[in-house]
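Visitor: First, the structure itself, so that you have it in front of you.
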Amino acid sequence: MSEPRAYKNPYPDYSGPESVQGIFDAHGRLTAAFAGRISSKISELLAVMENGLKSADPRDCTGYTGWAGIALLYLHLHTVYGDPAFLQRAFDHVSRSLKCLTGSRVTFLCGDVGPLAVAAVVYHRLQRPQEAEECINRVLQMHRTVVKSTGNLPNELLYGRVGYLYSLIFINQQLQQEVIPAQYIQQVCDTVLASGHNLSQRMRIVEQSPLMYEWYQEQYVGAAHGLTGIYYYLMQPGFMTDEGRLLALVKPSVDFVCRLKFPTGNYPPCVGDERDLLVHWCHGAPGIIYMLLQAYKVFGVQQYLEDAVRCGEVVWQRGLLKKGYGLCHGAAGNAYCFLSLYKLTQDPKYLYRTCMVSEIKIKKKFAHPDNFYDFPLEICGCSDQQLYIVIYRGGKLLITFTHVTVIE
């Protein structure tokens, strides 16, 4: 019998206000003591990271495993704490990233576009508009390749068109203005739609799912390489030039994914895979939940919310992964789903659950699935309003919690 993939959840579930004594105050905010423990752990982890970076790969520019991800961490810390020292560290690391761009990929996490997007935001905050504009222009220079390319460029998040799309959204969101014109975003979405519809037609499954996508000849379901990560973006307000196609193409394709649900409430990694094993953001309920929540917001179908709640139960029961702290395939990334459920439902149960995962992170030692000293890339996470996805590898949930303290 194989070893369990997750720790048994040691905490009782939320049972009312008495469950959160010492965690939340009477106004529903983190207590000073609990927040202090988190801040202390953040400082400790940053010291470990900085020491470990002395042996990091100097040629890795990416957001996923390289210098741009470290810069993104410090950028997020600057957002949360406002300390200019964090912004300076972001500048130091993104500068290293810009010196080793490869020109090989167009995505936020694994390509040159991510470092350029992060650099644009850093320069903007440093009030260096010329350098920020230069980075943005370099991002936009890749737009034609993304919308015209056929064949080799996939549509998924880590290596494909949606990864480029995220970079455009990230810049607009962080700069709080439409420096990337809406037409650029809409054209990428149109290309993704056309590609998915063409594959569905070739596979002769249009009646089942008007859209279909592949990565390395597999129809992945999850958020990283699969259908749900793509559909999440296609359902963002204003991203598509023809709203009617949401109903005609995207909604029935979302429904196709919903029909893949296992009796447990989890989902397969690929279409046709009957193994109910993975409870990761990249493969399984922790990533699919965001598509479901967005579908509920857009279409108002109660079943989407009910399925999302089921995903949350799967994560609470099976999501304390032994693989590490990461957002992609670790317990910290899984805990993000509770924050999204809380944001939509305002049910304190989900904020309580997130805090309990934080407790586990503080107390337990986990395996590290990728380069140990790259863990900060997954600490930062992304704006709770937009994209749950951003970070990537060994991150601790703890910095996520500085984000919890500012939830309205």
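Each residue, glycine too, has its Cβ placed from N, Cα and C.
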Visitor: Among Cys258, Cys270, Cys282, Cys355, indicate the single residue that TrEMBL lists for the Zn(2+) site containing Cys328, His329.
Guide: Cys282
Visitor: Within 10 Å of the Cβ of His329 (Zn(2+) binding site), how many other Cβ atoms are there?
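Guide: Other Cβ atoms within 10 Å of His329 (Zn(2+) binding site): 24.
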Visitor: For the binding-site residues listed here (Cys282, Cys328), which one has the lowest count of neighbouring CB atoms within 10 Å of its own CB?
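Guide: Looking at the binding-site residues Cys282, Cys328, the Cβ with the fewest others within 10 Å is that of Cys282.
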Visitor: Please classify the secondary structure at Cys282 (Zn(2+) binding site) using three-state DSSP.
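Guide: DSSP assigns Cys282 (Zn(2+) binding site) to coil.
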Visitor: Using the recorded Zn(2+) site (Cys282, Cys328, His329) as reference, state which further residues of the same chain have their Cβ within 8 Å of the centre of those residues' Cβ atoms, listed in sequence order.
Guide: Ala224, His280, Trp281, His283, Gly326, Leu327, Gly330, Gly333
Visitor: What kind of secondary structure is Cys328 (Zn(2+) binding site) part of, going by DSSP in three states?
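Guide: SS state of Cys328 (Zn(2+) binding site) = coil.
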